[in-house]
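What Swiss-Prot records for HIS120, CYS126, CYS147, CYS148 is Zn(2+) binding site. As annotated by Swiss-Prot, K(+) binding site applies to THR440, LEU441, GLY442, TYR443, with the evidence given as similarity to another entry. According to Swiss-Prot, the compositional bias 'Gly residues' annotation covers 77-88. Positions annotated as N-linked glycosylation site by Swiss-Prot, on the basis of sequence analysis: ASN260, ASN269. Residues annotated as phosphoserine in Swiss-Prot: SER8, SER9, SER15, SER21. The region 'Disordered' annotation in Swiss-Prot covers 1-24, 62-88, 493-584. Annotated topological domain 'Cytoplasmic' per Swiss-Prot: 1-230, 303-316, 369-384, 477-628, in sequence order.
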Amino acid sequence: MISSVCVSSYRGRKSGNKPPSKTCLKEEMAKGEASEKIIINVGGTRHETYRSTLRTLPGTRLAWLADPDGGGRPESDGGGAGSSGSSGGGGGGGGCEFFFDRHPGVFAYVLNYYRTGKLHCPADVCGPLFEEELTFWGIDETDVEPCCWMTYRQHRDAEEALDIFESPDGGGGGAGPGDEAGDDERELALQRLGPHEGGSGPGAGSGGCRGWQPRMWALFEDPYSSRAARVVAFASLFFILVSITTFCLETHEAFNIDRNVTEIHRVGNITSVRFRREVETEPILTYIEGVCVMWFTLEFLVRIVCCPDTLDFVKNLLNIIDFVAILPFYLEVGLSGLSSKAARDVLGFLRVVRFVRILRIFKLTRHFVGLRVLGHTLRASTNEFLLLIIFLALGVLIFATMIYYAERIGARPSDPRGNDHTDFKNIPIGFWWAVVTMTTLGYGDMYPKTWSGMLVGALCALAGVLTIAMPVPVIVNNFGMYYSLAMAKQKLPKKRKKHVPRPPQLESPIYCKSEETSPRDSTYSDTSPPAREEGVVERKRADSKQNGDANAVLSDEEGAGLTQPLALAPTPEERRALRRSGTRDRNKKAAACFLLSAGDYACADGSVRKEGNVEPKACVPVSHTCAL
């Protein structure tokens, strides 16, 4: 809008006077820019920009500030964690100031995204924090530039690795009596065992013994849950090592006894005598193996009876190994007294199947972090292993064919097949030589004897070194990542349950803040979707004639609508999901809010009126608006 001074100057120019001065035009342009400017105070850092800049990304939180009267707001959470909007007063000219209690450093990147259209991720900010800030400001994470995408994804990759990696202290996180994670695990186990199986409740009298199930499960599954659990873990480790040692000693000649067995067969009037030799193991080794199997059986039965989820227990690979390693011993003991041919055949098969006992070595993964890290590394590096196998297969096929034809070059004319002077009779035999050469083993059982074959052998060795060297660094990086995560998680201090104070009630005198007690001049915040769905929350105020101050009072309907979500406590599964996903919202209150300018007045009837059109006792200044 052009001022009266410039209008008179313009009219004077038509009648022959001087044109409007440059100073006047600059003042008018400055006034127009001032009315378009907006000041955003984030965490105490003031940012100044134009409303047109904020409108470049419609549907976001800052776009709502640029057009507070627009009705096209998306149905999304408008509260956010720890957010509030307030008028800062001296916005300068016609501009206004909005305050948000968010991270000021991240907001600089967000505002720069509005200006340039390119969203970059700061390297000095933790990934989950940047993700939360993007969610609060209503920006999609897919808008992150490719140059910063790996930095942004780094935290999520670590979280995914933590999700599939059990805690290094045995699954329970080394939970102490007041450990929050340990309490959640125990609560989850009680829920899976049933409502009356926890030993506390109306039905605890009849099923009180079932209340020991979580404790027994932790005793045999979590070595760090108690001292008794550590003793059980040490005993299990001892029996595993003894069983593996016994298995190895059974194959030594010093522990094998040769026995001559005489068999007499009578068929009618004909009697035949047969002599055969049998090899028996020292009885002491059999007794030791029997004691170990008894321990493993007891451990297996206790764990399957007290497990929270039987289906998960049955599908666990280590539990399958336990069962397969225990079963042959009992079958062998049961069939040892039988003399039939079928029984002897079964016993012979069971003796061959004894090798499954060596699989008990994998049970050590429950007690050693490094073995668990190795297992997760192998699973995470499946693609790299497949790539390595494909490279080796291609190299073996190529060099086996080349060595076969290279060795035929030096064949004598009298040799029609051309393979009398070489070991490479055909291409399939060359496969073995190519594998041994590419893996740099070089047994020496087969080697080229012609100059062309030697050249192919040199190329095969070089190709093998390069082929194996390419995927190995990726596998090593995976192992390093998992190992560092395991060590970091093992050294993390235990999280104790903290006392969370109850939120102030609506009728509490500290719930609403006045201008004398609040450091801000007036209060702003964002419109939340619950407020849009249930209607605009009315702020009723009454004029107190005793002290002349305005007291903010909320209606009962509003109080019920605001306090109801606060009363819902998250379940243990939800708390675990929140910790795994990296969400670290500390404030769960999402309050209904208004974008009011300084000088507006909230009236008793719920309406908002501008300054200058205010009845004396009907409205109160926005500076006394409740800060939710």
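Each Cβ is built from the backbone N, Cα and C atoms, and glycine gets one as well.
What Swiss-Prot annotates, mapped onto the structure for a quick look.
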residue : record                      : CB count, 10 Å
HIS120  : Zn(2+) binding site         : 15
CYS126  : Zn(2+) binding site         : 13
CYS147  : Zn(2+) binding site         : 10
CYS148  : Zn(2+) binding site         : 17
ASN260  : N-linked glycosylation site : 8
ASN269  : N-linked glycosylation site : 5
THR440  : K(+) binding site           : 10
LEU441  : K(+) binding site           : 10
GLY442  : K(+) binding site           : 12
TYR443  : K(+) binding site           : 10
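Taking H, G and I as helix, E and B as strand and the rest as coil, DSSP gives the topological domain 'Cytoplasmic' (369-384) the counts 15 helix, 0 strand, 1 coil. In the three-state DSSP scheme, CYS147 (Zn(2+) binding site) is classed as helix. Considering only the recorded positions CYS126, CYS147, ASN269, GLY442 (K(+) binding site) has CYS147 as its nearest partner by CA-CA distance. Separation of the C-alpha atoms of CYS147 (Zn(2+) binding site) and THR440 (K(+) binding site): 39 Å, rounded to the nearest whole number.
Taking the mean position of the Cβ atoms of THR440, LEU441, GLY442, TYR443 as the K(+) site, the remaining residues of that chain whose Cβ falls within 8 Å of it are VAL436, THR437, THR439, GLY444.
Cα-Cα distance from THR440 (K(+) binding site) to ASN269 (N-linked glycosylation site): 67 Å (rounded to the nearest whole number). THR440 (K(+) binding site) falls within neither a helix nor a strand when secondary structure is assigned with DSSP, and so counts as coil. Within the set of recorded positions ASN260, ASN269, LEU441, TYR443, the entry lying nearest in space to CYS126 (Zn(2+) binding site) is LEU441 (CA atoms). With respect to their backbone Cα atoms, LEU441 (K(+) binding site) and CYS148 (Zn(2+) binding site) stand 43 Å from each other.
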